[in-house]
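Here's the structure we're looking at; comments come further down.
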């Protein structure tokens, strides 16, 4: 199982490959706001752990194992953003909040959050009812 730091790298590499067709060390460093030397060290570790194949100066490719985890990590991130929007978290807080919680939830918790998001999306009246509760609670403060 990858560490939270490894997950951040795998997720970002997956996103870059999906968007651009490739992921370079410099692109990863820029996206994660870290030094290229840190990226190189982590990429070597991810290569050793078979999440990707890295050839110096030639780039990297996610293995099937890395792709599968990358997809799941992107899903988790997007689901948590969706959930926080659904429950009315201010837009300017969402990214930071997701980054703060995503590594601390079990996959079981993520799946249950997915169920809850689906529950609300299946009937707009449920979302309206939640908004009404939130308005009442805010007025009561």
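Yeah, the Cβs are placed from backbone N, Cα and C, and that goes for glycine too.
Swiss-Prot annotates 77, 99, 102 as Mn(2+) 2-binding residues; of 11, 18, the candidate listed for that same site is 11.
For the domain 'HTH dtxR-type' (1-63), the number of residues in each DSSP class (helix H, G, I; strand E, B; coil) is 38 helix, 8 strand, 17 coil. The 10 Å shell around the Cβ of residue 11 (Mn(2+) 2 binding site) contains 23 further Cβ atoms across the protein chains shown.
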